[in-house]
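Asks: The structure follows.
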Amino acid sequence: MIKKIGILTSGGDAPGMNNAIAGVVKTASSKGIEVYGINDGYKGLVNGWFEKLNVEKTLDILSRGGTYLGSARLPEFKELEVRQKAVANLKKAGIEALVVIGGDGSYMGAQRLTEMGINCIGLPGTIDNDIASTDYTIGFHTALNTIVEAVDRIRDTMQSHNRADVVEIMGNGCGDLVTYTAVATGAEIFSPAEDLLTIEQMGQKAKQFRLLGKKSLIILVSEKLYGISAEEIAEKIQKISGYETKATVLGHIQRGGRPTAMDRYIAFTAGMFAVEKLAEGKGGLFIGLENNKLVARDIDSTLNMKKEDKKPFIKNLREINGHFSK
């Protein structure tokens, strides 16, 4: 049985990361295993920024967003010498295994450490839901709720002034936040990463709505895919459609806030599952949610998986949300 494990959060923060930390600490404690938190992700691993965690410390973080341990990006971790320093720090502290919470980039580091003798388990922590080997990532539900609430508020004011609004949403190349928000808010026009509309197409569709007498429009777009700002997209749509068109960039508000009950549940139980696997002497695994059940897969296999093709659903939803009658 292992005696000490470490835990770190890497990449962009996501609501629910603290619940995963709590799940690891409480489960490990029940098995007599000590847990050390690594501050600021892989950077803390290389610099030896370790702190001993206990159950009492986790009680105050269950309802908090962000990550108690802090997070930082370290591209240099792909270099062997940097990883060797990290492994030396772990061995010096007597840490035999590691739980890594983050996205795809974090898992590559975890796989390399496993190959160097430190068993690692990866948990999917990102609001983007861009990891193919899990139905939902930790943080996705909370971010979605935050976005939907914001779009509902935007709808109120657009309706009052007969305007359209272009809402830019995060996703890191994955359109799930856009598509799910379109379902939840009835957005008339939406352009997720998987099936982008051109600005001309969005403008012409908006023009059709205006000619039918629709008072307001919500237009959702995935971030960083048009090469211009949301304000510039709005200006172009306004010229084509005739709607007075505003732009809203939700930005980092999507990452913050208290995690929803579902994110807390997914994160905590994933942390429990990770400790159980490490206690069995297993490593190089990724914990994902599949059909409402936690599963463990080899990290290598998860990195090559492709997400389900959502284009048929997106096209069907466009027809439904795009229909308007008085």
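Cβ atoms here come from the backbone N, Cα and C positions, even for glycine.
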Asks: Besides Arg73, Leu74, Gly103, Asp104, Gly105, Ser106, which of Gly6, Gly12, Gly171, Gly173 does Swiss-Prot list for that ATP site?
Replies: Gly12
Asks: Per Swiss-Prot, which of Glu200, Glu223, Glu280 sits in the substrate site along with Thr126, Ile127, Asp128, Arg163, Met170, Gly171, Asn172, Lys246, His252, Ile253, Gln254, Arg255?
Replies: Glu223
Asks: If I take the Cα of Ser106 (ATP binding site) as reference, which of the binding-site residues Arg155, Lys214, Arg255 has the closest Cα?
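Replies: Nearest candidate: Arg255.
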Asks: So for Asp128 (active site, proton acceptor), how many other CB atoms are inside 10 Å of its CB?
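Replies: By my count, 23.
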Asks: Have a look at the binding-site residues (Ala187, Ile253) and report the one with the fewest Cβ neighbours inside 10 Å.
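Replies: Lowest Cβ count within 10 Å among the binding-site residues (Ala187, Ile253) is Ile253.
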Asks: Under a three-state reduction of DSSP output, how is Ala187 (ADP binding site) classified: helix, strand, or coil?
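Replies: Reduced to three states, the DSSP call for Ala187 (ADP binding site) is coil.
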Asks: Among the binding-site residues listed here (Gly12, Gly103, Gly105, Gly186), identify the one with the smallest other-Cβ count within 10 Å.
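Replies: Candidates: the binding-site residues Gly12, Gly103, Gly105, Gly186. Fewest Cβ atoms within 10 Å: Gly186.
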Asks: In which DSSP state, out of helix, strand and coil, do we find Lys246 (substrate binding site)?
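Replies: In three-state terms, Lys246 (substrate binding site) counts as strand.
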